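Following: one structure in structure tokens, then a few remarks.
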Amino acid sequence: MGFHMLDETAAFLETLFAHITDAILIVDAKGDVIGVNPAFERMTGWSGAELLGKKSLCELCRGMATCQEEASCIDCFASRLQTPSFQMHVVTKRGEEIAVAASSTRLPLEAGGQGALAVILRDTSDMQRIERERHQRQLTNYVIQAQEEERKRISRDLHDGIGQALYSIMVGLRVVNQLQIDEEIKHHLEEVQQLTARTMEEVKSLSVELRPSALDDLGLVAALRSYAKRFEQTFGILTHIEISGQRRRYHSTVETALYRICQEAMTNAAKYADTDQITLRFVDRADRVELEVEDAGIGFDPTQLQIRGTGLGLFGMRERVSLLGGTLTLTSAPQKGTKIHVEILVDEKGGPRYVHPTADRG
């Protein structure tokens, strides 16, 4: 009965060894490979026949690191009875190095024998990729938030500081101009007044471009209408604006993202599309909002060209939308114009229904 149980146990362990998802490498006391499971073969590309008795641990390992520091061959885990957690760089059959999470333990054998070493390996490349993407999103979100805060600060400083100072200068020039002064001086004063007035308009335009007060005070729809009007005056491109659905305020992250995407897309169209008209559409469908910018320009092949823009371009637009769980679709073809369509799910309060974990609802 006891032998029967041992046979069952051996068969169970053999099945477990073959089907466990973690890779297992077993080496003898000299470091030669004496066992691998199918998961190790899949991870490295090596077959058992190519490894058993033909390769050593040192040939497969390109270094290790603990959570504290990099370790040298002198500190090799193979010299220890047990190493609970470390990172190992394994050489694949193709000659590539992959970083894997590992643990090792010395297997006890019968008296007089030398224990083999079992190394358990787990491919963490997907986890590392996810972590890199998460870190990249954090950086992107930080840059976007910092950029908006800086734009808001500079816009406020331009309006309240330089703008007010220029207005005071203009008032002073008008007062002086009303005095009994020489006509030649009066003429020069009028020129300075005109220059000051133009500078005031440029400062105002720059302040609005950086951060329109309408976006904070009146909301997205008002800001889009105001921007479309300024855009038409600046570039001389006929701009149609279509607004439908509810009229409400949205969370600041939603309003800022959609406004910047509109700004980016329309500026790109003015620079590169060679178009005489643009259509801006905004739709509130209760559970989601949609923004669309479409031009009647020369278009391009999206697989061959990248949009160049005033800031982060198409990548920046996609990142802004992605951080709010939305989607961005670009449609274009040569001589058929370009259309950018954005959709973001929102709740009843106008906030994003989904926010990426690295995003800040602010």
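Including glycine, each Cβ sits where the backbone N, Cα and C put it.
Per TrEMBL, the features are:
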- 9-60: domain 'PAS' (DOMAIN)
- CYS58, CYS61, CYS73, CYS76: [4Fe-4S] cluster binding site (BINDING)
- HIS159: phosphohistidine (MOD_RES)
- 258-348: domain 'Histidine kinase' (DOMAIN)
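Where TrEMBL records a feature, it is marked here on the structure.
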residue	record	Cβ contacts under 8 Å, 6 or more apart
CYS61	[4Fe-4S] cluster binding site	MET88, HIS89, VAL90, VAL91
CYS76	[4Fe-4S] cluster binding site	MET64
HIS159	phosphohistidine	VAL203, LYS204, SER207, SER213
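Taking the domain 'PAS' (9-60) as a whole, pLDDT averages 88 in the prediction.
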